[in-house]
Amino acid sequence: MEGRAAGWVRVAAVGWAVAACAVAAGMVARRGAARVRWNRAVAVVRDLEERCATPAELLQRVVNSLAIEMFAGLASDGGSKVRMLLTCVDALPDGSEEGISYAIDLGGTSFRVLKVELGAGSTIINRKVEHQPIPENLTKGTSDDLFNFIASALKNFIEREGGEVEGRALGFTFSFPVRQTSISSGTLIRWTKEFSIEEAVGKDVAQCLNEALARNGLNMKVNVLVNNTVGTLALGHYYDDDTVAAVIIGAGTNACYIERNDAIIKSLGRVTNSERTVVNVEWGSFRPPQIELTPYDICFNNETWNYYDQGFEKMISGVYLGEIARLVFQKMAEESDIFGTAVDGLSTPFVLSTPNLAAIREDDSPDLREVGKILEEHLKLPDVPLKTRKLVARVSDIITRRAARLAAAAIVAILQKIGCDGTLCGSTQVRTMRGVRRRTVVAIEGGLFEGYSVFREYLNEALVEILGEEIAATVSLRVMEEGSGTGAALLAAAYSSARQKNSE
């Protein structure tokens, strides 16, 4: 009996050992499978990092390509990927403007109404700003409906603020591509961003607003039509006459700069009151051949209503960066289970905003608490492990870095075009005074640049890499809060004063 019992024990021990080995083998297999799935997610991120790399030599080629496109755009209409639109602005505010003027600033799914009171010596005595969201149906309805809504908002604003409107100057910032026919008129070339009112294309947008103002009983007319970059340039120049360009990096991106009239070949012979004219670059449509589109850029372009239009803008501006990140996270979820099994939240387009992306990148807490909160609240991904949160933050960093460095290259292209980058593209002597290199000021506006510190750091870092420390030290990026609308009011005041002087 004892021998038989001992045999049973030995059999049981062997069975237990076999079972334990099987369990251990299963655990090893599961760990191995989990490691494989994790490595797949990491591979997605590494591939993104390689495709989004922007070393200094690559950025310099982007600079050169954009500068060439700018030359071509100044030579002929339709000869370039960037439109290089003439703005008819040949004089900028100089600080002598006085009085009250109004402005409307339309550039996205909301607009601003402003009342600006100016005093002598570059003094803004008072500025009132009111933000007004635009209902989605008006972005796809009729031009009459849209401009009636804007005019009605201006009327209500004026009534609340009080004061006379008779003869008051009105600036209109309209941040969509327009072919300017005079300082106060221009025809819409096409819509960008969320707008698609097709019957408005080809219409004079200032006239559309004037008619809406009349329908609303307002005895005032647009006397200056500009886009947001020109408004920002005007405010920058109002404070500092070393301001040579303006850049918008917000929901969209674009730039303008002061150009010599003799460099604008397509308009030689045009009668102007100055030797220089502000040119609207429209660089959002630039497509740098040196920059490879990632699978996520391609997927995103295929899903948007404007397809492959505005390719440069889609890699830089605030409307799009969060969506690119979402597509990357979706791919990571397809390749692995790092977000768990319930990942339906990743399928909703634009559910992740660029402010969310910025908050993810700027979360410096040890456990990346804010990253986890955003993943749970916006993408419906609860209890994401810390190592996965780190991978999410890395994706946000890659997308941010590419955007900021491309924006820096575009800024340098303008500096190169006007000879402020230390090259022979223009006469660098223009920017010297008594042998000392003068400052070059670029006015800048937009929530992405103003509100995202890491973006600013990467942009400034790239400027130094491209320009070199000596030249970069002479370039100042100056933020202009409410620049586009305030600048339009300043220009309206400046041109109103000029007309009064000419009529006297």
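A Cβ is built for glycine as well, from the same backbone N, Cα and C atoms used for every other residue.
Remember, predicted model here, so these are calculated numbers, not experimental data.
Sequence annotations record features per position, and here Swiss-Prot assigns transmembrane segment to 7-29 based on sequence analysis.
Summarising the annotation, Swiss-Prot assigns domain 'Hexokinase' to 39-493.
The feature region 'Hexokinase small subdomain' is assigned by Swiss-Prot to 94-226, with sequence analysis given as support.
What Swiss-Prot records for Gly108, Thr109, Gly447 is ADP binding site. Taking all protein chains in view, 15 other C-beta atoms sit within 10 angstroms of the C-beta of Gly447 (ADP binding site).
Other Cβ atoms within 10 Å of the Cβ of Glu282 (D-glucose binding site), summed over all protein chains shown, number 27. Residues or ranges marked as D-glucose binding site by Swiss-Prot on the basis of similarity to another entry: Thr192, Lys193, Asn227, Asn254, Glu282, Glu313.
Across the region 'Hexokinase large subdomain' (227-482), the prediction's mean pLDDT works out to 89. Annotated region 'Hexokinase large subdomain' per Swiss-Prot: 227-482, in sequence order, evidence recorded as sequence analysis.
It is 13 Å from the Cα atom of Asn254 (D-glucose binding site) to that of Gly447 (ADP binding site). For Glu282 (D-glucose binding site), the nearest neighbour among the binding-site residues Gly108, Thr109, Gly447, judged by Cα separation, is Gly108. Surrounding the centroid of the Cβ atoms of Thr192, Lys193, Asn227, Asn254, Glu282, Glu313, where the record places D-glucose, the chain contributes additional residues within 8 Å, namely Ser175, Phe176, Pro177, Gly252, Thr253, Gly284, Gln310.
Cβ neighbour count for Thr192 (D-glucose binding site): 22 (other Cβ atoms within 10 Å of its Cβ, all protein chains included). For Thr192 (D-glucose binding site), the nearest of the binding-site residues Gly108, Thr109, Gly447 in terms of C-alpha separation is Gly108. Across the region 'Hexokinase small subdomain' (94-226), DSSP helix (H, G, I), strand (E, B) and coil residues number 37 helix, 50 strand, 46 coil.
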